[in-house]
Amino acid sequence: MKKLCVLLLSALTVATVVSSVQARGIASGREFDTFRLPNSTVPTHYTLRLDTDVHRGVFEYTGNVQIRINVLEATNQIVLHSLRNEISNLQLRNGAGLTVAVRNYELDEEKEFLVINVGTTLQPNSGTYTLEIDFTNSIDRTDQAGFYKSSYEDDEGVTRYLGLTQFESVDARTSFPCYDEPGIKTTYDIRIVCGIEYHARSNAPLLGIKLLEGGKKLSTFATTPRMQTYLVAWLVSDFVYEREVLTEPQLAIATWAKPSSAHLLSYSVDASKRFMRAMEEYFGQQYSMSKIDNVAIKDSDYAAGAMENWGLVTYREQAIFYDPAQGEQRQIGVVTIVGHEFTHQFFGNLLAPKWWSYLWLNEGFARLYQYYVGDISHPELNLRQRFITGPLQTALRADDSLTVRPMTYYIDTRQGISRLFDNIAYDKAACVLRMMNYALGERTFQKGLRYYVQQNKDRGVVEESNLFDALEQAAKEDAVLPISLSMHDIFGSWSNQPGVPLVKVRRDGNEYYFTQERYVANDPPPEPFTNAWWIPISFSTPSNTEFEKRPAFWMPPNVSEVMYEIDTAEGETVAFNPKSTGYYRVEYEEAMLRELIKGLNKDHTTFEASARARLLDDTLNLAHSRGHNYEMALQLFSYLQKETEYVPWMVAYDNLRDMQVRLRSNEKASGLLQAFVEKLASPMLEKFGANQQQGESASVQELRTIAIELACGASESCKAVAQSAVSSVARGARRHYSTTDSALLCSGLQQATGDQRKAFVGQISQTLVDKTVDDIFTKQNLKQSLSCAGSDMAKVESYAKLLFALEETDRTKALHRLLVESKVPLADVVESLQSELSLRNSNSVYRNKIPKVLLEVARYVTEPSEMQLLNAATAAYAPWIATEIEQQLKANRRWLDLNLEPLDSLSRVRGGGTARTTVLPPFEETGVAISSATGPLQAR
Ligand SMILES: [Zn+2]
């Protein structure tokens, strides 16, 4: 799923790459050899007053910050962060209120430090000093970071402005001078002056309002809990809100948005209420303030998906708006994003990471419990299964390269820190935490987390060893770990090493032998890896489910082979990692795999849905990484003709789409694959039909959508529905359009004539600018379907604009539609990106999206001419990812070299038959003729 929290904040222009202090006044000559503050002085409290005229469309603001400071080491310098603030006055006072002489102050532009040279040496334990700074700054910035402006159009068409903040990771310093490190926690008293008809909100509850002259007012907020700078937040707007006040204990929960969206807020308020109470109970900890606000910001003004500011959480509008016509899929979106940000109120906010190295202690927990507490607060949404199809799949793919980083990873530059917000911090960390949840048993793990919260909340700053200590205490008390094992060793083997393990298993009678190694999808290492893990091995057989979640044993690192006995009844097979609870892949020896495939084709329901998913994913990925065993992998996939469950199909879908990407430029192979895919998905399309039904679950809707995407072209009835969908849009028919509609439209567009496509594109171009169509999801789904209109799309929107406007998951889908389904030449897409970037390069929101878009495009690139184009675009617009791009291109080539021929051999077996005549391997109720040398999918 998409990044929910923050991300990629701007690499604000740090053009000057000089490491010495840029002196203003007398140079001190001091150079800082690190991006870390010296921390010889530390802040204990901030009083911040801001004065803004955003209500008048005036974007300059003035600020006054008073920072109470303690001295830890004798020093004549106070060093904190500041960027963009124009300082007009700076004073230092001692505990008695007397002025302490300041020689001068200087800015270190590279380090973003404000260095204050004091006339005397400040001594430790010499009482509290107060540093007071007056400054001016502007919210007129385009990087969607710091204190910045957004806007909306009111009913009269007048533009209304608002000001909001986005400080994570290192942009608090761009709005007021501060000690901007995540491990420094202090309290804040915030006061905001704004227009009388505007509301100011901040982290803490509003204490009072005082009217001022000139149509302005002063809002004073209560003192915040001790928190780090990146959580400080405020909003100055004329937004409206929907609020619910809970009692015992009192908690006001509200969602704020522009007035015309007031009818879309109820669901998010209700979801917030349910999630908050479930979370408080689960972790045995009460939320620490009497209010929490959600704020919806226009998508195009909000780069992150959402941000967990303590008490004032911000989101893209799209992420929390809900219209009852939208159904369960959108409910899942709202619950999981609210759940993610609310989980941060404990993990991240109450317990701050000591440094960015431990970002995974924030994001891993938030990613896990958005599903797992969400499953408690909203059991009807069945969220746990979505972890397997979401974060687990994402993590396994992100973690299979040679160059991936470990979870705990030190870096201190602005750009380096922004790159830590990746799938490792979010998805892998969530998978490893979830694995421990099952390995220790859920009750013990929960108890350990309660210890973790209670033992650390007063200090409020954590590193990984604090978590390991708490889990170990719970594990020892409940005797769920062998006495000789330590959580530090076990968990440390996962957090401090990169990569995902591959567990190989072979069988001799009832003895099973295990080895482990690091799994790498492409580019096997020049020499064997030394990585090894403490791996909880779980299994199930049809008659034994005792160890399906909790481990039968812990496989130690640095042991060449481990044997474990499993008694099975006659004809029974053993599935390892059957609940997908372990973060590892399994490779069965061939004889075992044959038995599993036979069993699956005979009666797939004897295996858990999650076990079927793992088997599909592990087997096909191993085939890809070695270029052999396709016979087995495709025989395995052929069971999908009988599959109608969510988890296996979503995982299979991921894999089939991935193959479509890789085989894109080979017409013959992609034709064969398409025929295979249609055969697999047609029974499901027949079962669910192309038309949506009222009141269906999200899972059924998603299954129908993928059945349409994969197999509509092979069904006359589906094609008819799809064509009529296209003509209904072309005629200008009005209604809500869902993601399923978007899939149908795509299929219809593929069959449409040139004139029909033009009429369709023309109509959509009107709908997209039509202000009376206020459903952003309809607009988005129609926009998505444009990517299926191929080159006709370019009449409405450039490829680049479409890709940059979409969030990650939608962008992935749109790119697939453009390049695979509509067969738009990749060169056209890259050229469109280049021409867009040449206009926009200075915009740092674009700067942050460029690497992601280029890396996404790189997955499709196989031809030398395409490689050249992409390399040139990378060199011009994102040279810092040149190595990553190079690796991806190399990996693509290697994949094709390894796999194209085995897959292409299918056509030779069929005597050069066209794609549509290809058939599946023989499929029999009693088993599959796997060894048949004449099977059409026989690999070489
Ligand atoms: Zn987050």
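In case you wondered, yes, glycine gets a Cβ from its N, Cα and C as well.
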Per TrEMBL, member of GLU328, GLU363 binding Zn(2+) alongside HIS340, HIS344: GLU363
Please check the recorded positions GLU341, GLU363, TYR426 against ligand 1 and give me the ones with CB under 6 A, sequence order. GLU363
Tell me, what is the mean pLDDT of the domain 'Aminopeptidase N-like N-terminal' (42-231)? 97
Helix, strand or coil at GLU341 (active site, proton acceptor), per DSSP? helix
Spatial separation of TYR426 (site 'Transition state stabilizer') from GLU363 (Zn(2+) binding site) - C-alpha basis, Å: 5
Whole-number Å distance separating the Cα atoms of GLU341 (active site, proton acceptor) and TYR426 (site 'Transition state stabilizer') is 13
